[in-house]
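Taken verbatim from TrEMBL:
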- 6-27: transmembrane segment (TRANSMEM)
- 34-52: transmembrane segment (TRANSMEM)
- 58-79: transmembrane segment (TRANSMEM)
- 100-119: transmembrane segment (TRANSMEM)
- 139-172: transmembrane segment (TRANSMEM)
Amino acid sequence: MDRKALSAAFPVTVPVLMGYLAIGIAFGLMLQEIGYNFIWAFFMSLTIYAGSGQYLGVTLLGAAASLGTVAVMTLLINFRHLVYGLSMLEKFRGMGPRKLYMIFSLTDETYALLSSARAPVGVDPRNFYFAIALLDQSYWILGSVIGAVAGALIPFSTEGVDFAMTALFVVIAVDQWRSYRRHLPAVLGAG
């Protein structure tokens with residue numbers, strides 16, 4: 001990992017760090033509550049990495065839905081990521097093997113950062129974008145594991161915790177609204 005790119009990407013990702021810790025912890029708590037420990041939180045966040053899909057997964061697993069049902073529903077909910085990927089083809093050009101990870105790691109928050117952030121002078125944009133994606137996923141994994149561990153150690157009700165995801169979407173929509181003159185994408189996305 002290019003340290004210069006990582007250092008440049010970190011301040012850009014701090015808002016995602018704050019949001020992902022909060023909603024990651026909520027996810028981990030919910031997962032722990034239905035009987036899946038921090039190892040599940042870690043591996044789900046490492047291999048699935050789709051916040052709303054993972055929240056849905058907790059609900060469906062808690063209702064004893066089949067893994068097939070969970071997989072299909074997660075794919076349907078995260079279909080928007082296909083559109084994200086198509087709009088990022090130019091940015092991902094020349095990334096080599098990292099391109100697959102960049103496609104995998106396109107969450108709403110990472111997409112918002114990649115759409116608006118520019119690499120500082122002297123930092124390779126491809127390394128900068130990769131660092132943003134890697135940091136964002138690291139924050140999500142960290143939050144998920146903290147939540148699952150906390151849920152195992154500290155008993156409390158998780159009622160209402162699932163609202164954290166909705167709150168994060170609202171924050172992203174407001175930020176995008178304020179950042180751009182054209183508001184049609186924000187209206188359609190919120191729609």
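The backbone N, Cα and C atoms fix where each Cβ goes, glycine too.
Here the structure is a predicted model, which means the values were calculated and not measured.
Within its own chain, the transmembrane segment (100-119) has Cβ neighbours under 8 Å at 5, 8-9, 12-13, 16, 19-20, 49-51, 81, 84-85, 87-88, 91-92, 125, 127-130, 132-134, 136-137, 140, 168-169, 172, 175-176, 179, counting only residues six or more beyond its boundaries.
The list of residues near the transmembrane segment (58-79) in space but at least 6 beyond its ends in sequence, with Cβ under 8 angstroms from a Cβ of it, reads 27, 30-31, 33-34, 36, 48, 50, 52, 162.
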